[in-house]
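Novice: Okay, these came from TrEMBL:
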{"type": "TRANSMEM", "residues": "B:37-56", "note": "transmembrane segment"}
{"type": "DOMAIN", "residues": "B:98-313", "note": "domain 'ABC transmembrane type-1'"}
{"type": "TRANSMEM", "residues": "B:105-126", "note": "transmembrane segment"}
{"type": "TRANSMEM", "residues": "B:138-158", "note": "transmembrane segment"}
{"type": "TRANSMEM", "residues": "B:199-220", "note": "transmembrane segment"}
{"type": "TRANSMEM", "residues": "B:232-250", "note": "transmembrane segment"}
{"type": "TRANSMEM", "residues": "B:292-311", "note": "transmembrane segment"}
Amino acid sequence: MEIRKSTGEKLFDTMNIILLSLLSLAAIIPLLHVVAGSFSSANAIIHSRVTLWPVEPTLDHYKLVTQTKAFWEAGWLTIRVVVLGTLLNMVLTIIGSYPLSKPYLRGRRPILLFIVFTMIFHAPMIPMYLVVKEFGMLNTIWALIVPTAISAFNMMLCITFFRGLPEEMFDAAKVDGMNDYRIVWSIVTPLSKPILVTLLLFYAVGHWNNYFTPLLYINDRDMQTLQVYLYNLISLGSNNDMASAAAAESSNMLPQALEMATIVLATLPIVVLYPFLQKHFVKGATLGSVKE
Amino acid sequence: MQSKSLQMLSKEEKKKQPGARRVSGDVSFLSFVKKNHALYVMLIPVIFYFIVFKYVPLLGSVIAFKNYNIFQGFLGSEWVGFKWFELMFNNPMYIDLFKNTMIISFYQIVFAFPAPIILACLLNEVRLMAFKRGVQTVLYLPHFLSWALVYGLAYMMFSTQTGMVNNLFKEIGEPVINFLQSTELFRTVVVGTGIWKEMGWSTIIFLAALSGINPSLYEAAKIDGAGRWKQFIYVTLPGLMPAITILLLLKIGNVLDVGFEQIYIFLNPVTLSVGEVLDTYSYRLGILNGEFSLTTAIGLFKSVIGFILLVSANQLSKRTTGESLY
C-alpha cells in the first residue's frame, strides 16, 4: 500500500480483470448455450453434445416454431401491445410533464405530491384487479395497456429534463403566437430527444417483457402474450399445438430444442437493438439518479 | 427546428425580464388558469389516470375490512371489522408464508444488495477503458430479458436431463443436482438468478455516484500517503454512502416485496413449501379463488409493515449517519 504501484496493486489489478471477465462470461454463457442449442440437431441435444457451439447445425427447430400458429398469435398480440401501449405511455407522460415542469404553474406542488404519493403507496393486487374488471377490460388488449399508462417514476425523469429547457424560448414562442399545445409538439418534443428516446425504450421493453399484467387480467387461453406463451411452453413441457405439429413433422423433434428456438426468437428484438440503444438507456437511467 | 428556436432565443435576449409577467403574484388564480388553460387541459387525462388507477384501488383497499360481494361493490358490502386480519393471524399457514417472504428478503439484502456496489467499485478501479465498457455492455444485457426468458435459460442450464451444468457434472463424475426442483436450493436459485439479472444494471446508480466524487479528494489522499486501499476506504466508500443508504432504506421499506413475477415463475409444486410468499399466495387465493377481501387484507398488512419499517429505518439512519429519505 505505498504510493508507487506496488506488487500488491498489480496483483489486485490482475485479479480484478480476471474476476470481471469471469462475471461477464457467467452473464453471456446461458445465452450462447441457448443459441447453440437452437441451431443443433435434436440428436446432439439428447446426447448432451451441445455446449456453446451448434452441433450438426440445422434450422429445423426454427422452421417448426415459425409454423406454429400460437407463436405468431402471441407475437402479434405482443407487438400490438408494445406499439399501442408505448404510444399511450409517451403521449401521457409528455403532456403530464410539460405543465408540471413550469415553476410558475399554480397548484403545481399539490399535483406533484399527488403523483409522488402513488410511488410510495401501492394498492394491493385485488382492488386494482376489481377496478380493471369494473371497466370491462378483463380479457381485452386494453387491460395490458391502460392500467400501466403512466409510470410516475418515468414522468419524474421527464419533468426534470423539461425543467432544464430555457423558459425564454417558450416566451418567445408565445410572442410569435404559438399556444402551449403547439409548443409541446414543435419545440419541447424535438428538443427533448435524449430523454424521450430513453423513456420510449423503457416503456417498450417493459411491455415486451411484461408477464405480470397478462397473468392478472387475461385468462383467455387464446389471448397469450409472447412471455406467457413462452412460460407455458417451457413449464408445461410442450404446448399442444406445437406437440402435434412436432409429431406430424417428424419423430426426432425434441421439446427442448423447440423451446430454445422460441426463446431465441422472443429475445431477438431486444438483443438486436441492444447495442444501438445501450447508450440511451444508460444516460436515461443516470438522469434521475445522483447528481452532485 | 433547431435554427428556429435559436432565432427565438436571440429575439428573447432583447427582453428584460423573461417570464416575469406570469411569475408576478398579483394575478388571481382564476385569471391565471384562464390564461394558461392549455396547461391544465393537458393535465386532465394524467390526473384522471392517477385517480382511477392509483387512488381508487388504494381506497378500494377498504374491502379488507368488509365482506366483499361482487354485486354490492366496494361501498355496498357489509363491514366486518378486523375479521380477515384475525383469520390471517390465527392460521399457522401465514406464519410460513411470512417466514418464506422474510428469509428470501433477508437473502436479497445480504447477497443481492451489496453485489452491484462491489461490482461498481471493481469497475471503477479498471484503468483499461475499452475493457470496462465491454464488461458493462455484457453485464447490463440480462436486465432487458424477461423473467419468463430467464426461467427458460435457467431451465436450459440446470435441467437434469439436458442441462449444461448437469452435463458438466456428469462428465466429471459428480452427482446430478436438481436445481429447479429442490426445496434446499430454491432460495439460492431465486436470489442467484436475481443477482444474475440485475447486478450489472444496478451498478449504474453507483457508478454515477462514483463519478460525482471530487478528484481532488483522491489527490489529497495520495499526497497524504494513502494507497489505493486507503483511498477506497477514506474517499470512495464515504462518497458512495448517500446512495447506499437511500437504496437500502427503500429496500427495507419494501422488505415484503420479494419480486412476484420471478418467484411465481420459478415456483413449482415441489418448492411451494419454501418458496410460496405473501404475493404469490395472494395471487392464487385472490385471483384464482376469488377470495377478494382476505387477500386485500394480506396486501394491506404488507403495506403497513413496509411503511412502519421505512419510517423507523429512516429515523435510525437520520440519527446515526445523518442520511435520510425525507
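Yeah, the Cβs are placed from backbone N, Cα and C, and that goes for glycine too.
Note that TrEMBL annotation is computational and uncurated.
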Novice: Which one of these stretches, B:37-56, B:105-126, B:199-220, B:232-250, has the most C-beta pairs shorter than 8 Å to the transmembrane segment (B:138-158)?
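Specialist: By Cβ pairs under 8 Å, B:199-220 leads among B:37-56, B:105-126, B:199-220, B:232-250.
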Novice: Sort out the residues at least 6 away from either end of the transmembrane segment (B:232-250), same chain, that have Cβ-Cβ distances under 8 Å to it, and list them.
Specialist: 109, 113, 117, 120-121, 124, 205-206, 209-210, 212-213, 217-218, 221, 226, 310, 313-314, 317, 321, 323-325
Novice: Run the contact check on the transmembrane segment (B:105-126) against the transmembrane segment (B:199-220): 3 or more C-beta pairs under 8 Å, excluding pairs closer than 6 in sequence.
Specialist: yes
